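**Student:** Have a look at this one before I ask anything.
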Amino acid sequence: MEMKGSSSDLVETSGDVSNSKKGGLKTMPFIIANEALERAAGVGLSANMILYLTKEYHWENATGASILFWWGSIANFMPIFGALLADSYLGRYFVIALGTFVSLMGMVVLWLTAILKEAKPHSCNLEAGNCSKPDFGQVALLFASFALMSIGAGCIKPCALAFGADQFNKPENPDNGKILQSFFNWYYASVCISTLISMTVIVYIQAQFGWIVGFGVSACLMLLAAATFLLGAKLFIRIKANKSLVTSFVQVVAAAWKNKHLSLPPVDSDELYHHDKGSRLTIPTNKLRFLNKACIIRNPEKDLNPDGTASDPWKLCTVQQVEGMKALLKVLPIWSSGIMVAVTLNQHAFPVLQANTMDRHLVGNFNIPPGSFSAFAIITLTICVAIYDRILVPQMSKITKNPRGLSFKQRMGIGILLSCAAQAVAALVEKERRARALSDGLAIHPFSQVNMSAFWLIPQNNLTGLAEAFNIIGQIEFYYSQFPKSMASIGVALLALGMGLGNLVGNLIVKYASTRGGKQSWVSNNLNLGHYDYYYWLLCFLSMVNFFYFILCAWAYGSTEEQQKIWDVEQVEKEGDMLIL
């Protein structure tokens, strides 16, 4: 959701180092280290958190999962506000710095919940069922840590990649594209590596040495992230806050409403529509024509400044603003189909509880931590992207005549089907696990180990990774192709919003599965008496319904090439376009 200005006066020159000596490769270690350490510290906390909530706070499985859904929802909504704060007020540098320290505070507060005995209920025998629930103060302290970490992540995530690209984007350099591509490669490689380390090493430390040590390691990593970012402060190029795209969208709606009484001019009357200077997109399209009234010039002498800009942007917008608003409205139905995909991708809590009851032995005395099995989804995603890009695309493009191999909508549709398959496999595995538990006489012993390997959980994680590789990456590429370059980061904001809504929907589904009109809960605290397989079948059914809904939305949307042609006529390159990929 970032929008960067094109004038050089938007670049701060504070500090002892001249602006010409700022930025470049020397800033890469500080930026990448900050992001990698932040990811390593944060991902490991969420991967294992369901066990902390159920074992230390004595919450039921459904309650713990609901809390994690709420946490995930807030964490995915916050980047939208972080982007607005960076765009309109503070700039990316200060927002990242603020987010780093707020995240550190949140992790320290979470660490204190593990250190202080008074911060959580007294220990008890969970199987006996006589455990006390946390009081208001204990819950408030825990939730405060979640809130602080969500706010911090919301400041860092939308700004980190763009801020890093700020240091390298120099359009006058003929090698600018290669330099930016190199930075993006290193950036995403660091994110993948740090995520895998967090899901394996950090989670293992929590399982092997306890919550105090495990949470302490995360807090220390976050402290290193903050220190690393501050060390590079004088080397960074800082782009001042400019204008938010959200403001632009609101202006279009306001101007269209104020001009609702005007008649639309003839289609070929480009001189009656306000457009950016030098732009070849001078006439709005006929779709959603009521918005076209926002860019009608009523009186050139009153409506326009001497330099050609609108004297009142709340009464007169450009054709580019109007078409950008149309592009956003047009993709919303397809975007909504990604909410159910987000529900299936956010199923982290229950698989951890299942793995905790299964045989996790690997070699010797080493047992894989329950929270580490989601790492197989990340590994699958990484391998899938590499194979698809390097091997499958060249072969499929010969058949489909599409240089990308598959179209955006085809990739998203395949991703939805894969997410459906992942839930079906999860249901079958859980049915087998429950049957073995009952046959072994473990009906009233939910924490005893079932004679079944936890490696049965790997296929569903593999399918989840494939679903993410096809649908989520397909969504990002789809948004990028359907928006002008100045709006490309809207795709990231839409994706985050979809993930947040997916957590809310997931929470509602858990509520339904846990109540069911007073009947036995599917997601009972006792996995062996509940029916988690029914819960997965419900997700599978909803995902299949969502697939047909996506087919309908994709058909109604029409050709993606038509929307791309609208922006292809634009020949004006704005400084900062390469920031948003």
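Backbone N, Cα and C define each Cβ position, glycine as well.
Nobody curates TrEMBL annotations by hand; they come from automatic prediction.
In case it's useful when we look at the structure, here is the feature table from TrEMBL:
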REGION    1-21  region 'Disordered'
TRANSMEM  67-86  transmembrane segment
TRANSMEM  93-116  transmembrane segment
TRANSMEM  136-165  transmembrane segment
TRANSMEM  186-205  transmembrane segment
TRANSMEM  211-233  transmembrane segment
TRANSMEM  331-353  transmembrane segment
TRANSMEM  373-391  transmembrane segment
TRANSMEM  492-514  transmembrane segment
TRANSMEM  534-557  transmembrane segment
**Student:** Applying the under-8 angstroms CB criterion, which one of 67-86, 93-116, 211-233, 492-514, 534-557 scores highest with the transmembrane segment (331-353)?
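**Tutor:** Going through each listed stretch, the top one turns out to be 492-514.
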**Student:** Does the structure show the transmembrane segment (211-233) and the transmembrane segment (67-86) touching, where I'm treating 3 or more Cβ pairs under 8 angstroms (sequence separation 6 or more) as a contact?
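**Tutor:** Not in contact, no.
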**Student:** For the transmembrane segment (186-205), name the stretch out of 93-116, 136-165, 373-391, 534-557 with the most CB-CB pairs under 8 Å.
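**Tutor:** By the under-8 Å Cβ criterion, the transmembrane segment (186-205) pairs most with 373-391.
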**Student:** Where else in the chain does the transmembrane segment (67-86) make close Cβ contacts, counting only residues six or more beyond its ends and a cut-off under 8 Å?
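**Tutor:** For the transmembrane segment (67-86), the sequence-distant neighbours (Cβ-Cβ under 8 Å, at least 6 residues beyond its ends) are 1-2, 46, 49-50, 53, 59, 92, 95, 99, 146-147, 149-151, 153-159, 241, 244, 246, 346, 348-349, 489, 492-493, 496-497, 499-504, 506-507, 510.
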**Student:** Report, as numbers and ranges, which residues of the same chain sit near the transmembrane segment (136-165): CB under 8 Å and 6 or more residues beyond its ends.
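**Tutor:** Cβ under 8 Å, 6 or more out: 1-2, 4, 27-28, 31-32, 34-35, 38, 42, 45, 57, 71, 74-75, 77-83, 85-86, 92-93, 95-96, 98-107, 109-110, 112-113, 118-121, 180, 183-184, 187, 236, 489, 492-493, 496, 578-580.
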**Student:** Using Cβ atoms and a strict cutoff of less than 8 Å, what residues sit near the transmembrane segment (93-116) while being 6 or more residues removed from its termini?
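**Tutor:** The answer is 34, 38, 41-42, 45, 56, 82, 85-86, 138, 141-142, 144-156, 159-160, 163, 210-212, 215-216, 218-219, 222-223, 225-226, 229-230, 233, 236, 238.
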